[in-house]
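Have a look at the structure that comes next, please.
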């Protein structure tokens, strides 16, 4: 009976009871306070990591931590917005900085070739040409000296939906921006990037100014610059040899019926080509090429006079009145046509894309096709990478991008430059013969038509095929001169024609890089494996 009595004594002892109670309350209170402090610290840390910027004082820059961004994209045009969608869907955390997020209003970038549309499908962005009144384009119509030739895209082996698309450039870009903005890991911000941030030869991010004038810095393992033809960042990333062979003067013809439905129209005029193509169900874009860097003044009426007196008489009669009405309406705009071969300076942490990196004469409408094809190449290269933080290894690995892009880019670039020179009028007899031979060769139909059109449209990006067709045109021209009976004069013109054709295409091929174009497998980077394999998340 003694055991219960001892238990009773312990139980009722007030000192033991209150000591135990006080210790328990103190222990619980201490634990609660420590957890609260720790939780507050964690919340502050998480908030600091999640914050896009920190407060700036005394002119100091605010920062976007690298842990919040995998890729910074400078520019949200066709290349930038399509790239943001692509990388965002692949799970990358993307920060897009664009100077102006309102709908662009441009007179170029309005024709997407069928090869570009196939790349759009490959990227899962084909719905971006829907609901913008885009028009199907099935080929081209050539006009020269009162004659015409219809050149259709070779689409027989493709799905019925595959064709070219023409549209308002701004509507197309806005659709892609909207699609990118729906992705939770893509952030679009309006701001002007002023410089790249470099540290020990590696690009760490960008410095930019927001819409309200604040100076910020943003950091990421990879910065992709695609801020267009007026890029102020390309100089440190490539050798910018920009040529301006001509300017485009743009007009919009309203309620105009083109001679050939669903076709782009190319008039081989004097002094240079004129383009017509639909950009909506009620509008036709006209682009008049004016050689040189200076055009007649729009402000004082010189341009309107030039268009009416020089250009209008060369426009097909069916649309001549609509052309003059568009001139009288007065909404005339001009834009320099730039050409710049891709000549990169690989720098760890940065990459150039789009018109900031590579431009060609817009005569063939190949710019968007090249940009979308480049994105497909880059997407395939980045997919096996677990992280992007090893800048040196990533830079070495991505050197293969410059070779893998060559079949599409070089074919379209070379053809654009060569066709512009061939299609432009010249007083030289050999050049005249080359121009006429090109028109007649394309008018033959069959392979003589479908082959060059497949090259132009991005459906058959083979540089060797391009060179063969180009010299086939030259040989065809010489044959016309020598048959039925050669004369010394015609023999001499034929020799000059071959020499002139070589003088047109070989400098372009040299600028593009013959080894990368024709023998890509001999480039070491072509076979380079990813530095890191695994999932696509960045740590």
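Backbone N, Cα and C atoms are what each Cβ position is placed from, and that goes for glycine too.
Automatic prediction, not curation, is the source of TrEMBL annotations.
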Write down the single range among 434-452, 491-509 that appears in TrEMBL as transmembrane segment.
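Per TrEMBL, the stretch marked transmembrane segment is 491-509.
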Under an 8 Å Cβ to Cβ limit, what residues of the same chain, 6 or more beyond the ends of the transmembrane segment (491-509), are close to it?
413-414, 417-418, 421-422, 428-431, 433-434, 437, 463, 467, 470-471, 473-475, 477-478, 481-482, 517
What average pLDDT is reported by the model for the domain 'Squalene epoxidase' (220-490)?
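Here the predicted model's pLDDT, averaged over the domain 'Squalene epoxidase' (220-490), is 96.
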